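Residues or ranges marked as GTP binding site by Swiss-Prot: GLY53, PRO54, VAL55, GLY56, SER57, GLY58, LYS59, THR60. Summarising the annotation, Swiss-Prot assigns compositional bias 'Basic and acidic residues' to 1-14. Here Swiss-Prot flags 1-36 as region 'Disordered'.
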Amino acid sequence: MLPEHHDHGHEHGGNGHGHGHRHQVNFDPTAAEPDPYGVAPRGGRAFRLGIGGPVGSGKTALTAALCRALGSEVNLAVVTNDIYTTEDADFLRRAGVLDTDRIEAVQTGACPHTAIRDDITANLDAVEKLEERHPGLELVIVESGGDNLTAVFSRGLADSQVFVVDVAGGDKVPRKGGPGVTTADLLVINKVDLAEQVGADMAVMVADAHRMRGELPVITQSLTRTPNAPDVSAWVRQQLAAGVVVGA
């Protein structure tokens, strides 16, 4: 497991907040609704990485960063999800992080979590299209549309999943829980460079994240400071090297 990274002089471990009180946590991750699909067999197909999180948390920026960091070493492609537009796919194409034919856009037409969990057909079709277009594809990043803290990927779509939150939502976000925060294979706390401006206490935020997630990893990052997301990129490399399919 990748050691948790931080940009601040605080300790990531432990249960204390550092501000003298604790918050009651009531969310039980075992109470989440069952996955309607179950784990998809790997076979010889590409590894599928889901990236989810609330609107504006930095999912597309992280996707772009991973493409920049991994594109020269891994045969990869991307599927984006938006409700009515192709905005995220267009952003990635304009940024030039991948050849344009390696980016597919899904327009969900409904709540984003529906297309990544309840009915994954459109996303699977997009993934299969990319695999047919690019034989030997090793990694497909599936970026969800912005949703709430309950949005998680079906294991029938994503072999492993990253959930992205950001400090602009306040340091209360991790302790609010929800399946995205508590069960994703990696939690990324993004935009840590803004913590002081928005009054977010990073020590509180990270301690709460670890308490909610147990042994599951947490990474803090600022893509302004580290545009290629080195810690998340290293974690993805570990998943690929291990051929990890969590829950299989």
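From the backbone N, Cα and C atoms, a Cβ is placed for every residue, glycine too.
Features as recorded by Swiss-Prot, highlighted on the structure.
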residue : record           : Cβ within 10 Å
GLY53   : GTP binding site : 28
PRO54   : GTP binding site : 20
VAL55   : GTP binding site : 10
GLY56   : GTP binding site : 14
SER57   : GTP binding site : 24
GLY58   : GTP binding site : 23
LYS59   : GTP binding site : 28
THR60   : GTP binding site : 22
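Annotated GTP site GLY53, PRO54, VAL55, GLY56, SER57, GLY58, LYS59, THR60; additional same-chain residues within 8 Å of its Cβ mean position, judged by their own Cβ, are GLY146, VAL164, ASP166, ASN190.
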